[in-house]
Amino acid sequence: MPELPEVETVRRGLAPAMEGQVITLARVNRPDLRWPFPDNMAQRLTGARVLGLRRRSKYILADLDRGESLLIHLGMSGRMLVSGDPLGQFVHDHPAPEKHDHVVLDMANGARITFNDPRRFGAMDLLPTATAEAHPLLASIGPEPLGNGFSESHLVAALKGRSMPIKSALLDQKIVAGLGNIYVCETLYRGRIHPARRVTKIAQRRIAALVPIIRQVLSEAIEAGGSSLKDFRQADGELGYFQHSFDVYGREGAPCKTPGCTDHVRRIVQSGRSSFYCPSCQR
DNA sequence: CTCGGAGCCTGTAAGC
DNA sequence: TGCTTACAGGCTCCGA
């Protein structure tokens, strides 16, 4: 599920249930996800008021009124379920607990936030709000692709002297933060660059052209997530799930969508990850 | 420092 | 039907 657009969608879905609200009860059902939870996490969350929800890359930060922030990462399979909101925005009743419900937050407005993560690649931590950016998971990641720090000159400079395939480069969170396998594939399709092409062998102007494409791809995905989120919330309150429509991702063997192209989408494996591309359009 | 591969976990779908 | 294998949207760690 979670690359930048999905995480932003989850953040927006959580905001009305959490912002300004006191966590009346936090329950933690196991000692760890990917890493151990911080000491006394449930106690440190219980009674705290959520001042606001921020996103940095694929991380959500819930700033609390005690000088601490809750860091949330959804990993590969993490989900946030919102239920029990008295205004009827979310599922009215709390659903039965499910396997892999690891952390449950009951809010003063009656909402319940349930973090469910079968594969447990997700993470939660508590850190001082004032130095949040210094957290080990955040300290060395690159600029936000939708922010001012991400520019053509940044990308060109960050890739200078690198020899890796462009696919690997765009997945590197130190170069730009928030892209994952899906949106890198979609970006390279729109940029007409073969995923295995080495960075060294790509003209500067083609690298620079990726910047507005990345912005466009992510913006469109956020837009789609936001709109379908509303519908889905009426259904059962789950956040961050929506049907995507991709040009190449997951379309192995299907016809290329470029007008006039008669070729078909191909899948290769790079560093253990699938890359989807059109061999005719992407060079 | 750079890069590629293994590994972490569980669930699901495809193949025999 | 049952068993086995491949694969899944992230990230860190290790060795070459």
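Note that Cβ sites are derived from N, Cα and C of the backbone, with glycine treated the same way.
Keep in mind that this is a model prediction, so the values were computed, not measured.
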Residue from A:His100, A:His135, A:His154 that TrEMBL also lists as binding DNA with A:Arg119, A:Arg162:
A:His100
Do any of A:His100, A:Arg119, A:Arg162, A:Arg273 (recorded positions) have a CA within 10 A of A:Lys58 (active site, proton donor), and if so which?
none
Determine, using Cα-Cα distances only, which of these recorded positions is closest to A:Pro2 (active site, schiff-base intermediate with DNA): A:His100, A:Arg119, A:Arg273.
A:Arg119
Please give the sequence-distant neighbours of the domain 'FPG-type' (A:247-283): residues at least 6 beyond its ends with Cβ less than 8 Å from one of its Cβ atoms.
165, 167-168, 171, 181-182, 185-186, 188-190, 192-197
Recorded positions listed as A:Lys58, A:His100, A:Arg119, A:Arg162, A:Arg273, least Cβ neighbours within 10 Å:
A:Arg119
Which of A:Pro2, A:Glu3 has the fewest nearby Cβ atoms, counting only those within 10 Å, among these active-site residues?
A:Glu3
Kindly report the helix/strand/coil residue split of the domain 'FPG-type' (A:247-283) according to DSSP, in that order.
0 helix, 12 strand, 25 coil
